[in-house]
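Here TrEMBL flags 337-349 as compositional bias 'Low complexity'. Feature annotation from TrEMBL assigns region 'Disordered' to 317-349. According to TrEMBL, the feature repeat 'WD' maps to 10-51, 52-83, 94-135, 136-177, 178-219, 220-261, 262-294.
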Amino acid sequence: MEDPSLERHFKGHRDAVTCVDFSFNTKQLASGSMDSCLMLWHMKPQSRAYRFVGHKDAVTCVNFSPSGHLLASGSRDKTVRIWVPNVKGESTVFRAHTATVRSVHFCSDGQSLVTASDDKTVKVWSTHRQKFLFSLSQHINWVRCAKFSPDGRLIVSASDDKTVKLWDKTSRECVHSYCEHGSFVTYVDFHPSGTCIAAASMDNTVKVWDVRTHRLLQHYQLHSAAVNALSFHPSGNYLVTASSDSTLKILDLMEGRLLYTLHGHQGPATTVAFSRTGEYFASGGSDEQVMVWKSNFDVVDYGEIIKVQRPPTMLASSSGNLPEVDFPIPPGRGRSQESVQSQPQEPISMPQTLTSTLEHIVGQLDVLTQTVSILEQRLTLTEDKLKQCLENQQLIMQRTTP
């Protein structure tokens, strides 16, 4: 196990970086900024970066679809945009929120998108039909983050009302509210196993809960300022956090202890995200920089990662010396825990060619849907221009008629 290392850094944003996300194949990295632009960086050295312009105000969030063929972004301009991440940078706009959109996240099947906003709502959309479906409206302050569970059945949201709420997507009911944070909750995400959630807060802490028993499993008070973002390693064994104290910290969830503190950003670290394999993680900050780090720990084949996902089961503090409560000691690192439901295993046993073919079909469907939508928008614009031309012609004829 080696220390994480800074692999490369990208410069191109003209204001604070607010969000980062890797594509599924780790070939691309997207970032959003207060400069209203979305940047698409290529991990291959000496490759051109793309700047996507469309939002009228700060870009606050970004997320690749599971296939990697679509990219969602949210903005202070109150809109959500879905982009085709290529050189053309074409996008369609979703409008339903009445205030800043803080969070966008695709469901694991790519069919749905969940968004969170300062209008105090969480909204769910159909990706392919490009249609607003429903709102979840029990928060009483800005909602900063919303994520689907790995199986798509649950949604978790974090708010400035100091709560984290767990929702059932089908019934649209709030299953539970977690109220232990002492300040605004800035970020929340599901453990890869789907059995736990971790939340970051302006109270400088990170908390981990079990979504089945709703018990607080772990509590970390390691940062000296607000924790702005976090990301689980795909193995489920590690968590990386980004803080306004300018540091990134990597936590060992199995042992409930701090592994590394990374100093790279000048000023607040605003965002952080692991790649889908865990080989890399990216961070962004108010220093306008995007940094890519090589993890150098527990990197194995992605199929193997999925097989050994385990949720943290010990109650641990930042010092790691709190007593164990009603939970078994985590099994050895080489063994999977049979009682834990990890993500569906079927895709792992599929022949590689079939998996690739299916991914290609889904990707093409994403692109075709987006292309049709863009053509419809252009057709509407053309119709509007024709109407305007006809109206102008009629006016001219009226004026020239004696």
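Cβ from N, Cα, C; glycine included.
Keep in mind that TrEMBL annotations are predicted by a computer and have not been checked by a curator.
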Annotated stretches the repeat 'WD' (10-51) and the repeat 'WD' (136-177) touching (3 or more Cβ pairs under 8 Å): no
DSSP-derived helix, strand and coil totals, residue by residue, for the repeat 'WD' (262-294): 0 helix, 20 strand, 13 coil
Secondary structure content, the repeat 'WD' (178-219) (per DSSP, counts of residues): 0 helix, 22 strand, 20 coil
Helix, strand and coil residues within the repeat 'WD' (52-83) as assigned by DSSP: 0 helix, 18 strand, 14 coil
Confidence summary (mean pLDDT) of the repeat 'WD' (220-261): 97
